[in-house]
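Undergrad: I'd like to ask you about the structure that follows.
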Amino acid sequence: MKLLILACFVALALARAKEELNASGETVESLSSSEESITHISKEKIEKLKREEQQQTENERQNKIHQFPQPQPLAHPYTEPIPYPILPQNILPLAQVPVVVPLLHPEVMKDSKAKETIVPKRKGMPFPKSPAEPFVEGQSLTLTDFEVLSLPLLQSLMHQIPQPVPQTPMFAPQPLLSLPQAKVLPVPQQVVPFPQRDMPFQALLLYQDPLLGPLQGFYPVPQPVAPVYNPV
């Protein structure tokens with residue numbers, strides 16, 4: 001009986017030892033698993049930190065690149081030809097505005113032709129140069145002196161064409177010893193035929209001769225010409 005009791009106690013002790021060993025093994029396994037989990041977690045944290053550092057460095061580089069002025073792309077880099085619509089050939093051309101041409105009336109044409117036939121073109125005729133005679137100041141004639149001339153001379157002067165004033169040589173002023181009396185110049189006898197018409201008084205002043213003064217020398221003065229006479 002004692003042997004059986006001892007054997008039971010030994011079996012119980014072995015069972016307890018096995019249980020303790022199993023418990024210790026489980027604890028060891030749990031500890032190892034916990035260590036592995038801790039190492040895995042630590043590795044993950046380290047990798048996350050490395051990734052964050054890499055992202056920060058990349059962001060800093062991109063910020064530095066954007067700070068420099070970059071050439072902006074053109075709005076239209078490639079200009080394409082604008083398509084024009086092709087007009088059909090059956091379209092009529094645009095209506096043109098009629099141009100008004102000035103027309104002359106037959107009466108105006110007749111008047112212009114009649115004037116050309118009545119008034120012929122005048123041609124300048126050579127006028128012989130006559131020697132100039134010195135005159136004293138105050139020798140210009142007035143309209144009252146024209147009455148002295150005869151009527152045929154007046155009629156001949158009416159048809160005379162105004163000619164340019166002849167050029168006379170200029171001399172130095174010379175002192176006069178005595179004042180000569182006023183004399184009437186002879187009327188030139190050369191008369192050029194011209195159609196009868198009224199001559200204005202301003203045209204008569206074109207006939208001028210030089211006048212010799214005591215200080216001024218030669219200067220033009222009006223030549224005696226008869227007033228305009230219009231026969232009825």
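Every residue gets a Cβ built from N, Cα and C, even glycine.
Reproduced below are the annotations present in Swiss-Prot:
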type     : residues : note
COMPBIAS : 48-63    : compositional bias 'Basic and acidic residues'
CARBOHYD : Asn22    : N-linked glycosylation site
MOD_RES  : Ser24    : phosphoserine
MOD_RES  : Thr27    : phosphothreonine
MOD_RES  : Ser30    : phosphoserine
MOD_RES  : Ser32    : phosphoserine
MOD_RES  : Ser33    : phosphoserine
MOD_RES  : Ser34    : phosphoserine
REGION   : 48-74    : region 'Disordered'
SIGNAL   : 1-15     : signal peptide
Undergrad: Take the C-alpha atoms of Ser30 (phosphoserine) and Ser24 (phosphoserine) and report the distance between them in angstrom, rounded.
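TA: Cα to Cα, Ser30 (phosphoserine) and Ser24 (phosphoserine) are separated by 10 Å.
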Undergrad: Can you grab the distance from Thr27 (phosphothreonine) over to Ser34 (phosphoserine)? Cα atoms, rounded to a whole Å.
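TA: Ser34 (phosphoserine) has its Cα 10 Å from the Cα of Thr27 (phosphothreonine).
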Undergrad: Taking the Cβ of the residue listed as 'N-linked glycosylation site' as the centre, count every other Cβ atom within 10 Å, in any protein chain shown.
TA: 10
Undergrad: Over the span of the compositional bias 'Basic and acidic residues' (48-63), count residues by DSSP class, listing helix, strand and coil in order.
TA: 16 helix, 0 strand, 0 coil
Undergrad: Give the distance between the Cα atoms of Ser32 (phosphoserine) and Ser24 (phosphoserine), rounded to the nearest whole Å.
TA: 12
Undergrad: Per DSSP, to which secondary structure element type does Ser30 (phosphoserine) belong, with helix, strand and coil as the options?
TA: helix
Undergrad: Please report the distance from the Cα of Ser33 (phosphoserine) to the Cα of Asn22 (N-linked glycosylation site), rounded to the nearest angstrom.
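TA: Between the alpha carbons of Ser33 (phosphoserine) and Asn22 (N-linked glycosylation site) there are 16 Å.
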Undergrad: Measure from the CA atom of Ser34 (phosphoserine) to the CA atom of Ser24 (phosphoserine) and give the result in Å, rounded to a whole number.
TA: 15
Undergrad: Would you identify the secondary structure of Ser24 (phosphoserine) according to DSSP, in three states?
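TA: Its secondary structure by DSSP: helix.
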Undergrad: Once the chains shown are all counted, how many other Cβ atoms turn up within 10 Å of the Cβ of Ser32 (phosphoserine)?
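TA: So the Cβ neighbour count for Ser32 (phosphoserine) comes to 10.
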Undergrad: Return the residues near Ser34 (phosphoserine), defined as same-chain residues 6+ apart in sequence whose C-beta is under 8 angstroms from its C-beta, sorted by sequence, else 'none'.
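TA: Result: none.
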